[in-house]
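What TrEMBL records for this protein:
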DOMAIN    1-394  domain 'Major facilitator superfamily (MFS) profile'
TRANSMEM  7-28  transmembrane segment
TRANSMEM  48-68  transmembrane segment
TRANSMEM  75-93  transmembrane segment
TRANSMEM  99-123  transmembrane segment
TRANSMEM  144-165  transmembrane segment
TRANSMEM  171-191  transmembrane segment
TRANSMEM  223-242  transmembrane segment
TRANSMEM  254-274  transmembrane segment
TRANSMEM  281-301  transmembrane segment
TRANSMEM  307-323  transmembrane segment
TRANSMEM  344-363  transmembrane segment
TRANSMEM  369-389  transmembrane segment
Amino acid sequence: MQLIKRILGINNISKMAIITFFANLYFYNHVGTLYLQTRGLSLLQVSSIWSIIMAASLLSEVPTGIIADKIGRKWSVVIALAIQALGEFLYLFSSNYQAFVLIAILAGVGYAFSSGASEALVYDSLPEENRESLMKKASGHIGGLYQMAFFVAPILGGLIVSQLILSKFMLAIFLTGISVTVAFLISLTLAEPHKNYHHPEQSPLQIFKGGLKLLLTHKRLQWIVAISVLTASFSGSLLSLYQPYFVQQGIKSSFWIGASLSGASLIAFMLLRYAHKIEEIIGGGWALLLVSLLPGIGYVLLSVTKAPLIIPLFIMTFALTDIKNPLISSYQNANIESHNRATVLSLISMVSKFYVAIMGLVFGRIADYSISLALLSIGVMIVAFSLILKTHKYAYSGIKTS
């Protein structure tokens with residue numbers, strides 16, 4: 001009872017931080033691919049799951065946005081978490097590809113419900129005075145607990161899944177479902193901010209049409225979109241492929257598979273905090289080229305390395321997959337005029353998701369033949385596009401889209 005009273009007594013920001021922690025405490029994340037393989041799925045089918053989630057999310061934006069306008073921020077978050085919790089328990093009892101596709105569609109709808117609503121709830125729960133500064137602190141608080149969940153879950157998961165067998169996988173999934181249910185129950189105690197809410201998402205077709213008009217008339221924008229999309233580092237593919245790759249290489253300890261992911265997540269967190277230092281040391285353009293190339297080089301080395309060296313190489317590669325995001329985000333905002341920014345950034349996000357989804361299927365198909373070849377293909381493609389697009393010149397141009 002004391003715990004319930006304490007939860008009821010804290011503000012929305014702290015509640016959202018706690019919700020974020022429990023909603024992302026995935027004890028089976030480090031063995032998710034191995035679990036799906038025990039259910040008979042190929043690596044192509046495993047890769048297709050994330051593609052289906054993204055497609056369902058895009059297609060659900062408009063209808064869920066209309067519903068969100070009616071029910072508000074709190075209930076959008078509640079519904080998203082209810083769908084997520086339901087999905088985890090369905091995941092526990094699913095045993096064929098068709099069932100996992102249904103769960104992926106549900107997950108996509110859940111993502112669409114939470115899209116924009118979570119951030120809006122946090123922002124509108126803050127005092128109006130000095131809100132921008134307070135939002136940065138709130139985002140840091142919530143983001144910190146997200147990173148903590150991603151760090152803690154694989155370590156605990158490695159202990160829970162003490163053997164790579166179905167019963168242990170199912171125990172980890174069950175405990176994940178319990179964790180998400182806790183997040184759902186806490187979300188019921190959120191307070192709806194008084195400010196009227198309007199779901200910010202446009203229809204994907206509107207974004208595409210508006211963005212395409214700009215793309216056809218601005219060469220600089222074409223370059224921005226190309227670099228943002230084509231230098232994608234495919235962290236989702238790496239997360240899926242490293243698990244069977246470790247097992248293939250003789251690393252069959254769930255603890256080491258989980259600890260590797262946990263270590264990579266911790267280093268990634270530190271690198272993201274200090275990514276701007278790279279820019280200060282070697283300059284903006286060369287910094288962007290370096291952080292674009294490094295994940296690609298990591299993939300190439302990972303594809304030709306044997307155990308036990310693949311453990312530190314995986315940690316390095318995974319830790320580097322998102323390091324360019326703060327730099328490229330900064331350059332995007334500096335080179336896109338404010339009146340075009342929302343449309344352009346939405347277009348980049350949509351095109352990037354589509355590209356990653358399609359290429360994820362390609363890499364999944366290659367991985368069914370050879371995981372090493374799939375990793376090599378990803379690495380070569382990242383390096384090639386980083387060099388072909390002359391990424392190092394990206395930060396220096398003063399031309400803006402208008």
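Going from the start of the chain as shown, residues are counted 1 onward.
Note that Cβ sites are derived from N, Cα and C of the backbone, with glycine treated the same way.
In TrEMBL, annotation is done automatically, which means it is predicted and not curated.
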Maximum Cβ pairs under 8 Å to the transmembrane segment (344-363) - stretch from the list 171-191, 223-242, 369-389: 223-242
Cβ contacts the transmembrane segment (75-93)/the transmembrane segment (281-301), at least three under 8 Å, sequence gap 6 or more: no
Which of 48-68, 171-191, 281-301 contacts the transmembrane segment (7-28) most, counting Cβ pairs under 8 Å: 171-191
Non-local residues, at least 6 beyond the ends, that sit with Cβ under 8 Å of the transmembrane segment (254-274): 29-31, 147, 150-155, 157-159, 161-164, 168, 239, 242-243, 246, 311, 314-323, 325-326
Contact set, same chain, for the transmembrane segment (369-389): CB under 8 Å, 6 or more residues outside the stretch: 43, 223, 226-227, 230-234, 237-238, 241, 244-245, 248, 289, 292-293, 295-304, 359, 363
Chain residues in Cβ proximity to the transmembrane segment (307-323) (below 8 Å; excluding those fewer than six residues from its ends, i.e. six or more beyond): 233-235, 238-239, 242, 245-246, 249-251, 256, 260-261, 263-265, 267-268, 271-272, 275, 291, 294-295, 298-299, 301
Cβ contacts under 8 Å made by the transmembrane segment (171-191) with residues that lie 6+ beyond its boundaries: 7-8, 12, 15-16, 18-23, 25-28, 31, 35, 74, 77-78, 81-82, 84-85, 88-89, 91-92, 121, 125, 157, 160-161
Among the ranges 48-68, 99-123, 223-242, the one whose Cβ pairs under 8 Å to the transmembrane segment (281-301) are most numerous: 223-242
Rounded mean pLDDT for the residues that make up the domain 'Major facilitator superfamily (MFS) profile' (1-394): 84
